[in-house]
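Listed in TrEMBL for this protein:
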- 8: active site (ACT_SITE)
- 134: active site (ACT_SITE)
- 92, 93, 94, 95, 96, 97, 98, 99, 100, 101, 102: ATP binding site (BINDING)
- 64-142: domain 'GHMP kinase N-terminal' (DOMAIN)
- 206-271: domain 'GHMP kinase C-terminal' (DOMAIN)
Ligand SMILES: C[C@@](CO)(OP(=O)(O)O)[C@H](O)COP(=O)(O)OP(=O)(O)OC[C@H]1O[C@@H](n2ccc(N)nc2=O)[C@H](O)[C@@H]1O
Ligand SMILES: Nc1ncnc2c1ncn2[C@@H]1O[C@H](COP(=O)(O)OP(=O)(O)O)[C@@H](O)[C@H]1O
């Protein structure tokens, strides 16, 4: 079985509070984008979980999100056959693009089909949340408001935008580091932001003007490069440019392919990890 698992950007992210277990209550707009990893799932006769990954820096043991998803499902449904999962990485990790999260969502959906488990979305989301706060969104895909720690999902109208540039600086950001270093004074920084209504009114240009991310307040003081990339994008006509999630990727929403290509040609002289992408309405695609 072959699947594509797609990445996401956060068009909006604000923090509303903190739970006693250290997790943060967030309000975020998640958007699937057209950048994907390839996941191949094969059944094994012996009762083993084997993960192979093209990126040798990613662990293939229980720390791997795909391993976790398989283990949870095997135990829940008492399945004895084994699984070999090959991950062909393309989405950069620790980038704020939810690459690892969407890989595990692909495995949940893939095993649901392979083993005819007939799980509905809610049952898959319950498993997803045991792996990470971003995984429930990756089960659904498209345009969603996520609240709680990321698990309370509300479907929004599709946000459609064709000219998006992603730039991954050399540094990576660990999600837990960013949340740990957030100052509570920065909670509710964007309380009056109107992005949700604008999405549901299909006012795409106004949506683009309303993007915001509170987690920049942790990352920018440590890495001024984030602002340099944003400036180059904005000088080249991007309608807005912000960091996605806990970083380090910075994205820009451009009005047309010409301005996006101009920014691309300038930024590619400095950055090797640079991608042209667009929004999509799903996060997992099945092939065979
Ligand atoms: C910031 C966001 C925005 O979409 O995404 P990324 O930048 O990671 O893609 C998410 O909130 C990240 O979700 P995810 O990456 O799944 O987080 P998890 O693996 O569950 O958690 C990693 C660590 O981040 C912290 N964490 C995560 C989610 C949350 N609402 N509050 C937190 O404080 C916790 O310390 C946790 O141990
Ligand atoms: N299948 C996977 N793909 C990518 N990273 C993974 C995977 N499994 C575990 N990880 C670990 O998760 C962390 C990054 O996850 P990722 O989803 O790429 O981050 P982010 O959501 O911040 O972009 C890294 O520490 C990486 O080693």
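Cβ atoms here come from the backbone N, Cα and C positions, even for glycine.
No curator has checked TrEMBL annotations; they are predicted automatically.
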Distance check, please: Cα of residue 94 (ATP binding site) against Cα of residue 8 (active site), rounded to an integer number of angstrom. 13
Candidates near ligand 1 among the recorded positions 8, 92, 100, 102, 134, judged by a Cβ under 6 angstroms: 134
Residues flanking the ATP site, with Cβ no more than 8 Å from the Cβ centroid of 92, 93, 94, 95, 96, 97, 98, 99, 100, 101, 102 and excluding those residues themselves: 7, 91
Same chain, |i - j| six or more, Cβ under 8 Å of residue 92 (ATP binding site); the result in sequence order is 99, 168, 172, 249, 273
Note down the number of other Cβ atoms within 10 Å of the Cβ of residue 100 (ATP binding site), including every protein chain shown. 27
Rounded Cα distance, in Å, between residue 96 (ATP binding site) and residue 8 (active site) is 8
Those binding-site residues among 92, 96, 98 lining ligand 2, judged by a Cβ under 6 Å from any of its atoms, are 96, 98
Round to a whole number and give the Cα-to-Cα distance in Å for the pair residue 8 (active site) and residue 98 (ATP binding site). 6
